[in-house]
Structures are given as structure tokens and as C-alpha cells.
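Peer 1: Below, the features straight out of TrEMBL:
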type     : residues : note
COMPBIAS : 30-39    : compositional bias 'Basic residues'
DOMAIN   : 103-260  : domain 'Sodium/calcium exchanger membrane region'
DOMAIN   : 288-426  : domain 'Sodium/calcium exchanger membrane region'
REGION   : 26-47    : region 'Disordered'
TRANSMEM : 75-96    : transmembrane segment
TRANSMEM : 133-155  : transmembrane segment
TRANSMEM : 167-192  : transmembrane segment
TRANSMEM : 204-222  : transmembrane segment
TRANSMEM : 242-261  : transmembrane segment
TRANSMEM : 282-303  : transmembrane segment
TRANSMEM : 323-346  : transmembrane segment
TRANSMEM : 358-379  : transmembrane segment
TRANSMEM : 385-406  : transmembrane segment
TRANSMEM : 413-433  : transmembrane segment
């Protein structure tokens, strides 16, 4: 039987001499540098991007100026969140002019939203211009760069509570809010038929989340069973550090599993992107790298503002630090990819939505959290994996509920609604949480006066 004719598809993945090179689907699959197997995270984060109109820029005569303007338009105006970019200079001005610290906190949060999306975009450019495996590794380690940077700055200021709360909140937000909204919206958008997805990827991610839960549960049980003494405190800290090393080893194996041995489980089907324009990279690899470094520096600056002003915002708004860290910070930091996951669920592409929510949760649980523990260890800061009773209980319920929700490979709006309602109840829990000073658990790291300072007992 004669082979079917090769159809040309407009997929300008490569740039040659400043112009697009159109590749066929077969050529893309055979081209080691161009076909990188778009992951769910890549496709989801691209949903908030918009195509840049380079008509005016192309008329500029000076080649260097034209290149700079092309870069500027693609990076700054290439997102639907570009309207929030003015919040960056406003936050810096507010800080240097000593405006109200709650205003600095709010402006910094708003400014982090487009920056987080642009870092995702620039990371994908690195993948397009680099070897697939190396690019995938970059994406696997930089996907939650915003949370990691905020956590590192909080550690530098010895605000271990902010670190734990923000990272715990990221996991809860992905498992309950993002996944729940995706399943709910997808179910409403496809009332006439049943939504299905590939369980294999979900099973791998849930196993990793259960391992992370075990590593966070044992230090808590260890200290509760042994009493709140100095001996058990030191032992729990040592157990946490050992567990963090184990978690990082598991994450490295997970990366090998994802990028090499079983990458077909994690690559989004190309047909899932039908109706969505492919990426058209109009800036080079090194230009993208410079932009990525610059935006990471800005994120670091804004993260420092957020950490420094979170307690003042807590006092001014009457919200506990636990609520701000667990609920507000994760929603802002991952707004772009969260919106993308919901959009693809509406299009009946649940595999992409699950890849975003579960993949990000695994990255936080198995990579970012143990990295923070080890960085704190190196810096001489005593950070363990004990997230306290209520927080660990909420995490356990979220993981177990999500595992039961995804066990049969089908979805409907009721499953999504249940996950959303779980998130609402947990949010309400931290909204009302205040432990009066000089009361409560004598355990080191217990919550003290969250309604005002939100700090953990030292």
C-alpha cells in the first residue's frame, strides 16, 4: 500500500537566519532539536499567550534596534497578563518612597503574576533552542521558580512558617483548587459525554505525593510519640534532613523516568493542541537566556518585598499569615498555568490539566521542599519537615481525596465540585485560625498568634 502523502503543517519551530523554517510533522518527530515532546505544563502555560504583531517593528532600519524591539514586544507584550507589568515599577517606587507596606505587598503579588508566566515562556524557549532532554530538565527544575525564590528569601529572614505555609499552599492549591476547577468546568462543558484521561501518569504522580506525605508525616508522629523534648526535636530534625535526601533521590529518578525511560506518558498529545497556534519563537536562545536571568532577578527582588511585608499586610488586612501564605500566595504565583489547565479542561483535554496540577504538586513536594530543608541545613537554620498537625492533616486528606477521585480514569463535574469544596473548607480553616499567645501546643514550631504576627515559636 502506498504511503499517504506528507502534508505540510505550519509549525515554525525553528529559526534559520532570522526567518522561520516550516517543518512537516514527520520532520519535527525526526529532528532531535526541534521536537521536544510538548509537556502538559508547556501547553497549559501557552494558553495565556498572544501572538505579537511585528509589522511596525519590521520597518525599523537599524538591525540592532529592530532586534531589541522584537525582543521587547515578544517578551513584554506577548502575554494577556501584560496589563499587570506596571505593578513592577509601582512596587519598587512604593518600597523606596516608604508607602504603606500592605500596598508594597499587594503590588508585589500582582507583579509576580505576569513574571511567573513569562519565566515559563522563556523556559520553553530554552527547550526549543536546546537539546530536548536538557530543555526538559530545565523545565522540570524551573517550573516552580517563583515559589522556590520566595521560600529562599523567607529562609534568609528565618521565617520558616512562611516557607512551610507557602509550599504547603502550593500543593493544596494544585490538588484541590486547580484540579477541582478543571474537573468541574470540564464536566460542565461536556455534559453530554463522559470525560476520560490516561491514569498512568496520574498513578505515578500520586505515588510520589504519598512518599512525600510519609516523609512529612513521620517527623510529626515522631515528636508526638516521643514527647516535646529536646531529644525528640533534634531527632526529628535529623530524620527530616535524611528524608529530604531520599525525596531528592526519588525526584531525580522521577526526572529520568519522565524524560527518558517513559517520556511517552508525560508528553501531551500533539492533537491536544489542535485549534491552538503553535509557538513561534521570534527571539534567539541567548536573548531568551538574558531575559530569563533578568526576570529571575526581578522576581527575587519582589519576593524579598513580599516576605518583608507579609506580616504588616496581615495586621492591616486582618488576615492571618497562614491564610495569606497558604491561600493567596500560591494562587498568585501559579495564576497563568492554573488558568491554562482550566481552559484545556473546557476543551476536553483533561490529560493536560492533570499533567499541570499533579506535576506541579510533585515538583513542590519532592523537589522544592527538600531543597529548602537542605539549604536551611547548610545555612545553620533548623527547618524540619514537621508541618504541624492541622497542616499535615489537610495535606493528607487532599492527597487521599485526589487519589480516590482519579482512580477510575473518568471525570464529571461532581468530582470537581467535591475537590473545590474541600479547598473552601481548608481555606476557611486557616482563615479563622488564631492561637492565643502562651496557649496551645508547646511543640517547637507550633502556631502562635497567627492572627497578628503569624510567626512560629522558635
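Each Cβ is built from the backbone N, Cα and C atoms, and glycine gets one as well.
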Peer 1: For the transmembrane segment (204-222), could you work out the same-chain residues 6 or more beyond its ends whose Cβ comes under 8 Å from its Cβ atoms?
Peer 2: 171, 175, 232, 235-237, 239-240, 243-244, 246-247, 250-251, 254, 257, 265, 358-359, 361-362, 365-366, 369-370, 384-389, 392, 395-396, 399, 402-403, 406
Peer 1: Is the transmembrane segment (242-261) packed against any residues at least 6 beyond its ends, judged by a Cβ distance under 8 Å, and which are they?
Peer 2: 133, 136-137, 140, 204, 208, 211-212, 215, 218-219, 362-363, 365-367, 369-371, 373-374, 385
Peer 1: Ranking 167-192, 282-303, 323-346, 358-379, 385-406 by Cβ pairs under 8 Å to the transmembrane segment (75-96), which is first?
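Peer 2: Looking only at 167-192, 282-303, 323-346, 358-379, 385-406, the most contacts with the transmembrane segment (75-96) come from 282-303.
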Peer 1: Select the range from 167-192, 282-303, 323-346, 358-379 that forms the most Cβ-Cβ pairs under 8 Å with the transmembrane segment (385-406).
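Peer 2: So the stretch in question is 167-192.
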Peer 1: Let me spell it out: take the transmembrane segment (358-379), skip the flanking residues so only those 6+ beyond its ends count, and list any with a Cβ under 8 Å from a Cβ in it.
Peer 2: 39-41, 140-141, 143-144, 147-148, 151-152, 155-156, 160, 163, 167, 170-171, 174-175, 179, 201-202, 205-206, 208-209, 211-213, 215-216, 240-241, 243-245, 247-248, 250-251, 254, 266, 334, 337, 385
Peer 1: So if I exclude everything within five residues of the ends of the transmembrane segment (167-192), which remaining residues of that chain have a CB under 8 angstroms from its CBs? That is, six or more out.
Peer 2: 144, 147, 151, 209, 325-327, 329-331, 333-334, 338, 341-342, 344-348, 350, 353-354, 356-358, 360-361, 364-365, 368-369, 372, 387, 391, 394-395, 398-399, 401-402, 405, 411-420, 422-423, 426
Peer 1: Do any residues, 6 or more residues outside the transmembrane segment (323-346), come within under 8 Å Cβ-to-Cβ of it, and if so which ones?
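Peer 2: Counting only partners 6 or more residues beyond its ends, the transmembrane segment (323-346) has Cβ contacts under 8 Å with 41, 43-48, 79, 81, 109-110, 112-114, 116-117, 120, 144, 146-147, 150, 161-162, 165-166, 168-170, 172-174, 177-179, 181-183, 185-186, 189, 272, 306, 310, 313-314, 317, 352-353, 356-357, 360, 427, 430-431, 433, 454.
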Peer 1: Sort the residues of the domain 'Sodium/calcium exchanger membrane region' (288-426) into helix, strand and coil with DSSP and give the three counts.
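Peer 2: Split into helix, strand and coil, the domain 'Sodium/calcium exchanger membrane region' (288-426) gives 115 helix, 2 strand, 22 coil.
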